[in-house]
Every structure is written in C-alpha cells, then in structure tokens.
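Colleague: Starting off with a structure, shown below.
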C-alpha cells in the first residue's frame, strides 16, 4: 500500500487554469515535464479572455454607478450649489478642499492654505494635511490644473469620474483575487456579478462619492489580490520582489486615503498572526507583510506631518510586539501537541502584554488622546459599563454603528451569495481545523483513508488567509453595520472561489465516495455557470428598470439658506451649527466654521459638545457666551434636530445633551435617579418666542421651513 506523506502548507502547490498542477506535470522520478504546446496556447488564450472580461466588467461597473448617480440627482442639469449640497455631511467637507485647491491662485498658495488653515475651525489655525486624509483631493486638483482638460470637463466631473473609475479598479481586483484562488477566471466573473447585483450591500459610492472609504477600498482590494499572489508557492525571487512592492504600494495608498486604515490593517495583522501561529503560512512572508504594514503607515505619518494618532496606533504596537516576541521565542513551532499549545499560549500572552505596554508608553510620551472616543464607544458597545460620555453615545445612537440588520442576509440570500458563502465557509473551516490540528501535532503521516487510497485534507496558504480574513471582517461587519462593505465585497470573492475550486469539490466528492477527476471538473464549471444564468435571469430586468428610473435633486430650503449666506454675510463671517450642515456651509459659501464632521480630534469633540448646547436646556446668556468664545457671528438652528423624531427617546441629540448635562430628558419614560430638572427651557425652542432675554443676545436674520439663522450681539 502506498502512503502519501503530508504536504507542508508552506511548500504546497496550487493547480491553476494557467498553471498545471504538479500531479499532472511531474514524472514518478520527480523530474518536471515541460508544458505541451497545446496547453501553452490554451493558457495564453484563457488568460487573454479572462483579462478582457475583467477589464470589461470593471468598466461596466464604473459606468453603471455613474449612471445611477446621474439618474438619481439629474446631476448634469442642476445648479452648482445643488451639486455641492448633494455632497452631504463629511463628503462636502472633503470636497471643499479640492475646490479650494482648484480656486487657489497657484498650487503653492493652495497648499499653503491647507497647511495654515484658519477657516475650518474658528480662532484656530490647523494643518489640514496633518489632521485629515485629503492628499487624494490635493493630487486630483493638481492633476486637473496641469492637464489640458479645463475647457472640456468641469472640476466636479473630473472628481466624481475619478471615484467612479476607482470602482473599476475595485471590481478588477476582486475578480483577480477570486481567479487566483480558484484557478479559473469564471470564478472572477461570478464574484464581479455578485458584487454588482448586491450593490446595496457592497458599495455606497453612488450617493457618498467623496467618502474616504470609496477612495481606500479599491486599494485595499488590490492589496488583498497582491497578498493572495504572494502566498502562492514556488514564486521566483523576482516575482516575489515585484509582488511585495505591489503590496507595499497598495498598503501605502490605502493608509493615505482613510483615517480608519490602522484599524482595518490591525484586523489583517491578526489574521496573519493566527495563521502564522498555526503554521499555515510561510513565516518569512508573514514577516515581510508585518514590515510592509509598519513602513506604509510610518510613511503616511511623515506625509501627515507626524500625525500622533498614527504613531499611537495599535497596529504599530502589535506588529512590533509580534516581531519582538518571535525573536524571544525562537522554537515556537517545534515539539508535540501539548508542548506547542503551551508555547502558543505563552506567545499570545507575551504579544498581548507587549502590545499594551508599547501602546501605552507611546501614548504617554506623545500625550495622545485623539482616539479615546473610539475606545469609549467600543467599551460601551460591548457592554463593559454604561456611559454618559457624549461622544461615545453619539456613535452608539447612530444606525451605521449599530449591529448589522438581519434583512441584510435576506438581500444577500436572494442572489444565492449568502447560501454559497455559508456552504464554502463551513467546508473550509472544517478543513482549516483539521490542518491546524495536524500542524500543531507535528504528524507527518496521513490518517484519512478512502477505501484503498490515503489522502490528505489540505488548505493552500492563500485560501487559508482568505478564510481567516473573511471570518474576522465578518465579525467586524456583524458588530458595526458601517463596516459591512469590507466584508460583503470579500464575501463575493470567497463564495465564488469556493464554488469554482477544485480542492473544495474534490473534498466533497471524496467524502461521498464519488470522486473522479473528470466529475470534479464538470461540477466546478457547470454549477458556477448555472448560478450565473440564474443571476442574469432574475436580476437583469431589475437592473434595466433601475437604470431607466429618473429622479431629481430637490432641497429648496438648503439651497435658499446657502444662497442667503453668500449674498448677505461677509466673507469673514463665522458660523455655528450642526457638524453635518456646516460642512455644506464651508463648501457652498467658503465661510469660517466653528466645528465640522471630522471627529478625530479631542479639542474639536469638546468644541462640538459646547456648540451643541444650542439644542440643550441652557440660558441665553450661557449659550451666547459659549458661541462668542469661538468667534461666532451667526448660528444656524435646524428644526429637524430641535424637534427630532428619527431616533427614539434617549438617542435624540437633545437627550444626549440633557444626560451629559445632568438634566432630565423630555417626554414620557424613565430617567436615571441622579438627573435633575433644568432651570431653563430648551434654547432652540425658546429663542423662537423672541423674548427680551433672548433678543438682547440674538437677532433672527433668516428663516424658512427648515432653518433659522440668528446673528449674535457683540456686546459681551
């Protein structure tokens, strides 16, 4: 009886459509046979067709989301102020810097205005390039200025078309990742189709164009594709160097374009750490990936004028701790099962302790408090004690930061994506557990038999990484709805790879005692094709209806407000109000703000809480004093906030302010026993009565159905 020895994971081979497996390409004496001429031609033809399909699908996706955006807003027909208002909340703030760079007298003056900005936060000069991830706006504005396109293309179209173009990069990267994992471009085609048909849950680019994630996620997808290729075995040294360079560039661009990059890459580093501990990835490649993450983030830190939040990130502390711990524990992967488990537990504890110590030391040295609101939010979210912290509750009460709604799964199931994903996830998780146990046990002999033939359950390094990646990002998405786009896009890749994978079907058929090579090949191609036909039949009519549906932007109250501000207030006027509205005020009018939606700064968070006292129960004198301390000339009150009904009691902005101020909330319901009634009525309601105590501080200068603007007296 022939015994097949276990293949070590780091030395396995992968069968690919464009690269024959060793089983069919190796003589019994171990010599590698050259590819037959016919097979070479077929590989070239397959790669060419697959590449054309990838590029075509990417471009079609780009055109698709651009068309949806145009049809939803009639963007080409509305006025410039309406176009700018359509960039809601923080989107408008980011786009305002692109507009500022375009309108500057020169590139040098534009950059100077960003480095020494005194209009984003009144009575303060801040460095926008340090505080915010807006290098993409800077690059795009410079590109627009130097290219001979001004006569043919408006700046706003150059901007949005770039974002829609990145969607093509995104889809191509997902396609290539699935292709690399499965060995057939049919898998990539299925992944792209799933991404498009599940658009509601895979992207929101068509209505939040300038959002940082829409810049960053395409580069993250490229990075994952490059890592997938890097984890293939038998790469030539030149191939490995080029792939590492691609991983570094993609990591750098991802880090440069999104302020939450460190948290996403921390999850990625955890995936690498888990797999390395279980001996399922080559240690040398994992080390390179750790170093690339650190170096990419440090380079961004330099470009952002040594942003302290980056230096104090958990990612840098964790990666450094892993490298130190590995140096201390050199014989981590030797010994029997119990011996290795003991070493692993010590290793994990050592890494955890080092991470916390290094991170605390860095934050102490730098006096870093910029990200404390995130940890307060996480502590409250996962039940480690209730909090009255205004910033933490502001996040907790937003739907985007809540749990993933259950109807998400029904939408994903309608395209069969979630069913296939669950099926593949179960199979590969079982395979991963078997491989991990075998690796920890250190056994070289295979103990899985099928009649007279012995065989091994294997999991390639790239598939193992994809598995842990999707599990960790799935946990993130389940806990925080806003992060679902990181999971659902990879879900398309993972499900399509499993459906087209030779290894998956081989494992299933051998368990059912039905395995033959021909049967495996028939199934791995026929089932994806049937799935594609089902998707096309069910969703093509709906996509056509969606593309034919025409709507128009309509927000007359906000348009009226912006036009009034531009016509009736001086250019140096300072405006206070809600973060979301003020971002639009800066973009549409260029006026100075007291606060804005980019919340990653402790001073700004404290300032915002003070400005929001306009919706709390405070005296007119107190509110006037607070606003004037920030140089406010005008304050904008919104009925939609003052009389909010969108959130339930306890989550309305006025409720959060009442609790933070120690006051009883409005309406029927329970209050915490130590809360007291306020001595004053709610400011945003009482000011409209024009009482003398209010009119001596505030004069109403504008009003419509939604907004009330008051000018502040300067006698105090």
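Glycine is treated like the rest: Cβ placed from N, Cα and C.
Just so you know, TrEMBL annotations are computer predictions that nobody has curated.
Dumping what TrEMBL says about this protein:
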COMPBIAS  1-10  compositional bias 'Basic residues'
REGION    1-32  region 'Disordered'
TRANSMEM  41-66  transmembrane segment
TRANSMEM  179-197  transmembrane segment
TRANSMEM  217-235  transmembrane segment
TRANSMEM  242-260  transmembrane segment
TRANSMEM  266-284  transmembrane segment
TRANSMEM  296-324  transmembrane segment
TRANSMEM  344-362  transmembrane segment
TRANSMEM  416-437  transmembrane segment
TRANSMEM  463-481  transmembrane segment
TRANSMEM  493-516  transmembrane segment
TRANSMEM  522-541  transmembrane segment
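What does the local environment look like for each feature on the list?
Modeller: Residues of the same chain lying 6 or more positions beyond the ends of the transmembrane segment (242-260) and with a Cβ under 8 Å from any Cβ of it are 132-133, 135-136, 212-213, 215-216, 219-220, 222-223, 226-227, 229-230, 235, 288-289, 292-293, 295-297, 299-300, 303, 309, 598, 600.
Residues 9-10, 231, 290, 293, 313-315, 318-319, 322, 332-333, 344, 347-348, 351, 432, 435-436, 439-440, 459, 461, 464-465, 468-469, 472-473, 476 of the same chain lie 6+ residues outside the transmembrane segment (266-284) yet bring a C-beta within less than 8 angstroms of a C-beta in it.
Proximity of distant same-chain residues to the transmembrane segment (344-362), defined by a Cβ-Cβ separation under 8 Å and at least 6 residues beyond the stretch ends, is recorded for 273, 277, 311-312, 314, 316-318, 320-322, 324-325, 328-329, 332, 368, 440.
Beyond its flanks by at least six residues, the transmembrane segment (493-516) meets 15, 174, 177-178, 181-184, 186-188, 190-191, 194, 417, 420-421, 423-425, 427-428, 431, 450-451, 455, 457-460, 463, 466-467, 470, 523-525, 527-528, 531 of its own chain at Cβ-Cβ distances under 8 Å.
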